[in-house]
Amino acid sequence: MTGKELNKIVAAILFASLIAMIVRFVANILYKPNLQVLNRGYSIAIQESSVNTNATVIVQEPVNIPEVMKTANANHGREIVKKCLMCHSLDKDGPNKLGPHLWNIVGRSKASITDYKYSFAISKLGGVWDDENLFAFLHKPSSYAPGTKMSFAGISKPQDIADVILFLKNYVHDK
């Protein structure tokens, strides 16, 4: 056997080994998928704190919406509504962004914009967006409509909510 023939035999063995490794690698990918569960999102580390036994409990009294609405300020509401414009439009028949447009929302039926896909939580509500419903929704959307896709945490101050509602009522007449 000459050196040339020996080289051919060794090359054939190496080539066959390489092909076998490639076939094994591809077969593992196709028939043994990675079943590892991915952790989605992110975690927030929360420190445990000791419970203060001397803490006072703050009881939130019900808000008299008609009284708060009497002192509402539409100009202040205009400033607060700027937060809403990231996801909503105020224009008449304006485009739906992440949320539906807010033109003429006060007095409008809930989930009534036909070209917007509402979450199941909002679409099953029924009724109209009057002062009381808007007040409750703007205070804490996730409590008013559990399962809503609106990620806004809410407006904590009753006067700010009243200002926003008055602005939305008046905005229809401004345009």
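One is the number of the first residue shown, and numbering goes on along the chain from there.
For all residues, glycine too, the Cβ spot is worked out from N, Cα and C.
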(message) Suppose a student reads Swiss-Prot and sees Cys84, Cys87, His88 listed for heme c. Which of Met69, Met150 should they find annotated at that same site?
(response) Met150
(message) Take the mean position of the Cβ atoms of Cys84, Cys87, His88, Met150, the recorded heme c site. Which other residues of that chain put their Cβ within 8 Å of it?
(response) Leu85, Met86, Lys97, Leu98, Gly99, Leu102, Phe152
(message) Let's check the environment of His88 (heme c binding site): how many other CB atoms sit within 10 Å of its CB?
(response) 21
(message) Can you give me the average pLDDT across the topological domain 'Periplasmic' (30-175), rounded to a whole number?
(response) 82
(request) Measure between the Cα atoms of every pair in Cys84, Cys87, His88, Met150, the residues the record assigns to heme c, and report the largest value in Å, rounded to a whole number. (result) 11
